[in-house]
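Colleague: Have a look at this one before I ask anything.
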Amino acid sequence: MEYKNTLLMPKTEFPMRGNLPKREPAMQEKWAEMNIYEKVQEHTKGRPLFVLHDGPPYANGDIHMGHALNKVLKDFIVRYKSMTGFCAPYVPGWDTHGLPIEQALTNKGVKRKEMTVAEFRKLCAEYAYEQVERQREQFKRLGVRADWDNPYITLEPAYEAQQIKVFGDMAKKGYIYKGQKPVYWSPTSESALAEAEIEYQDKKSASIYVAFPVKDGKNVLEGDEKYIIWTTTPWTLPANLGISVHPELEYAIVKVNGEKYIIASELFETVAKTLEWENAEVVKTVKGSELEYTVAKHPFYDRDSLVMLGDHVTTDAGTGCVHTAPGHGEDDFIVGKKYGLEVLCPVDDKGVLTEEAPGFEGLFYDKANKPITEKLEEVGALLKLTFITHSYPHDWRTKKPIIFRATAQWFASIEAFRKELLEAVAETKWVPAWGETRLHNMVRDRGDWCISRQRAWGVPIPVFYAENGDPIITDETINHVADLFREHGSNVWFEREAKDLLPEGFTHSGSPNGEFRKETDIMDVWFDSGSSHQAVLEERDDLQRPADLYLEGSDQYRGWFNSSLSTAVAVTGKAPYKGVLSHGFVLDGEGRKMSKSIGNIVVPKKIMDQLGGDILRLWVSSVDYQSDVRISDDILKQVAEVYRKIRNTFRFLLGNLDDFKPSENTVAVAELREVDRYMLVKLNDLITKVKEAYETYDFAAVYHAIHNFCTIDLSSFYLDFAKDILYIEGANHEDRRAIQTVLYDVLVALTKLVTPILPHTADEVWPYIPGVTEESVQLTDMPEAVQLDGAEALKTKWDAFMTLRDDVLKALEVARNEKVIGKSLNASITLYPTAEMKAMLESINEDLKQLFIVSEYKLGGMMEEAPADAPKYEHTAVVVVQATGETCERCWVVSETIGKDAEHETLCERCATVVKENYVK
């Protein structure tokens, strides 16, 4: 008889190798065929809503690791919520207006100047839709479950119509105004930028100290002094109209080399060192407030420079006397306005100086620095020129420096509802908690929001102008434009004349002849995406405002979190979200930013093609995503190894349940052995821990808990000793069915617990599980932790056993290394434990040699009675010797009962009995 045929070895068709790059697309096709998104919505209908609102990625190019991290995190949450009593719809979105699409078309050779704005915009829309399609397929490949057939797209007419309504509501409340004000201006984009569209990079700039002679000392100064200013933007000096000093600072009149200079007293030493003054003496001091209204002379124009008071003046750098050009700085503008100065801005849209800067007209601003510095030197006003490298704002799209420039722009007045904004921030739940401080400070400190852009591809600002120049924004015009956009899309604005965009028969006192103009500026793209709470959450039947959660990268505090908050509070008085969660950026394995120049870019598509979407998702679950995270081949290799461990666990569980019918073979909990009940206690602990981790969005805790459970609780302990029962005993042996009962509970729970993170794998496992009826694990709920009777006492006892078992394993390892035994089944062990452990061992009814995986187990005396040469550990001394007897051909246990049964002379007594009872006819 072939005894190996009498072993109940694991049997399953569940493949050992994941082969995810091939298997996942097939699984996704299956999901599409069964309409999994709709099925889940149907299954969860009537439950409380949980809305995670998708911040729209920009529709341009392939998705990058940041996109993957973001969408997968969202998917974890939505999947978990739909398995824990919520209906969790997920509507993906795309941001589709703005400069990058215009640039992409230009790069493709589109001749912008040779077509009408409307024609160019049609090409932009086509391109945007192509990009949406491209990204949609890549997001689907990640396994993200969403309403992919009904996303929201900011260029769609219904969306644009709602955005116009948001603008109209804000205008009605008096929050929208047109004003001349310095704004961030990008000469390369020829447009104003919002704060969210700038990034800081190092730039080399001229650093100059310039003397402004006093023209009128107002009886405070004698008139022969000179104010010293410091600037790193010499090109703004043609726009200088004043000097700001701080009212509370003390200013020194310093005599040196026959000249008298005015600087802040506390900066005297620094300035003296920089300007290499020797023997400089302070001849007089005055308070800043006394210098108000003194007048200096512009260094190279026949023009006054008024001395004004400003709280923005600091002693961090410079001289305490600040060059003030109201057309080129926010503080300058505010101070200038207070003192009635004009807003002089001698720079055009392209960054070129105009005739208002005589002597420098026609020069690009950055190229004007040198001739202006030379002019200062020529007139004797330049005291020092050096070059510094400093952090300077750049256009986030063109990567080129930007300037502050006063232009006529449309603004949303943040000041008008700042108090409500700050209250809304305080009422929101922020994860991480520092998010609250970050947004609070941004809202507290930000100026009014410049919402106009001088571009073609965007939503037009729905404003008309009367013949007398009055802007027209009324309920009637707003509603009419919104209706037109809903019917025809916003291109209609560029296809029709102003009169054809106004309601029929519209009149206005400022247009006696019935003539009207329309605004040509478009809205900031942050106003587009920032209106999604109205256009999506409020408009869709399956969603609601406020959303439960917004989840984006930490750059969105100044972006989407901010713009959404501003428009929502302006229109509804409340935040559009109850909670905000942010994640960090994805860096390479060494913690460097990914860039083409370094060549360290990791692409999601490559990972999915080589390893699979579930590996990428498992990586997302493994990292501390609230900070910046790292990814590399080595890191992915480690994650793939963890995946292999989890997959093998599933395969082992399935293999050993091949002959298990839950309805027939399940053993009642009360009839399980203690060790089996202990395993159920461990399983319930896992369920509790994992669900708590999901609830708090701590996915790394989910990852570690599941990995540890598979490797430590199952593989290293329970499954290890269970093999001797599962394979060796007869099919219906009570211990075997008891273990299978536990394995079944573990398998079902584990499959559900990993579903949000590994949906492809979980749905691959699901149909192999005996007795399941649901079409997909996604249509089930998370397992519930069951409180077993006496669970705490059981846990205490068996946790103690596990620590003692560690001592035994160490002793067996030593014996193996010393060649006393070959493998643990060759061993006979005698334990000399502590009193506490001895009592615990004596209370165990299970076969301890099975639990220790040895051939013979004896309990000796107390620890102090152990032989002198016996290795002593924390809880026991252990004597390991070679077991006496022969090795059983069937179970490999060393036993003196081999051959006792003449018919089965190579088997131990136990195996002979099993064979006779189950396999001998």
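Easy rule for this one: first residue shown is 1, then count along the chain.
Cβ from N, Cα, C; glycine included.
Not my notes, these are from Swiss-Prot:
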- GLU552: L-isoleucyl-5'-AMP binding site (BINDING)
- LYS596: ATP binding site (BINDING)
- CYS888, CYS891, CYS908, CYS911: Zn(2+) binding site (BINDING)
- 57-67: motif ''HIGH' region' (MOTIF)
- 593-597: motif ''KMSKS' region' (MOTIF)
Colleague: Taking the centroid of the Cβ atoms of CYS888, CYS891, CYS908, CYS911 (Zn(2+) site), which other same-chain residues have Cβ within 8 Å of it?
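Modeller: Neighbours within 8 Å of the Cβ centroid, excluding CYS888, CYS891, CYS908, CYS911: ILE728, GLU889, ARG890, TRP892, VAL893, SER895, ILE898, LEU907, GLU909, ARG910, ALA912.
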Colleague: Determine which residues of the chain contact the motif ''HIGH' region' (57-67) at the Cβ level, with the cut-off under 8 Å and only residues 6 or more beyond its ends counted.
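Modeller: Non-local partners: 94-96, 98, 100-101, 104, 128, 131-132, 134-135, 138-139, 153, 553, 585-586, 594, 601-605, 631.
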Colleague: Can you tell me how far the Cα of CYS891 (Zn(2+) binding site) sits from the Cα of LYS596 (ATP binding site), in Å?
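Modeller: Roughly 59 Å, rounded to the nearest whole number.
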Colleague: Could you give me the DSSP helix, strand and coil counts for the motif ''HIGH' region' (57-67)?
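Modeller: So the counts come to 3 helix, 1 strand, 7 coil.
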Colleague: Counting every protein chain present, what is the number of Cβ atoms, excluding its own, within 10 Å of the Cβ of CYS911 (Zn(2+) binding site)?
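Modeller: There are 26 such Cβ atoms around CYS911 (Zn(2+) binding site).
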Colleague: Going by a 10 angstroms cut-off between Cβ atoms, which of the binding-site residues GLU552, CYS908 has the sparsest surroundings?
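Modeller: Fewest other Cβ atoms within 10 Å, among the binding-site residues GLU552, CYS908, is found for GLU552.
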Colleague: Please spell out the DSSP helix, strand and coil residue counts for the motif ''KMSKS' region' (593-597).
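Modeller: So the counts come to 0 helix, 1 strand, 4 coil.
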Colleague: Helix, strand or coil by DSSP: which one applies to GLU552 (L-isoleucyl-5'-AMP binding site)?
Modeller: strand
Colleague: Taking the Cα atoms as reference points, how far is CYS908 (Zn(2+) binding site) from GLU552 (L-isoleucyl-5'-AMP binding site) in Å?
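Modeller: Here the two Cα atoms lie 64 Å apart.
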Colleague: For CYS911 (Zn(2+) binding site), which of the three DSSP-derived states applies: helix, strand, or coil?
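Modeller: Once the DSSP labels are grouped into three classes, CYS911 (Zn(2+) binding site) ends up as helix.
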Colleague: What is the interatomic distance between the Cα atoms of CYS888 (Zn(2+) binding site) and GLU552 (L-isoleucyl-5'-AMP binding site), given in whole Å?
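Modeller: It is 61 Å, counting Cα to Cα.
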Colleague: Using CB atoms and a 10 A radius, I'd like the single residue among the binding-site residues CYS888, CYS891 with the highest neighbour count.
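Modeller: Top count of Cβ atoms within 10 Å goes to CYS888.
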Colleague: Return only the integer: C-alpha distance in Å from LYS596 (ATP binding site) to GLU552 (L-isoleucyl-5'-AMP binding site).
Modeller: 24
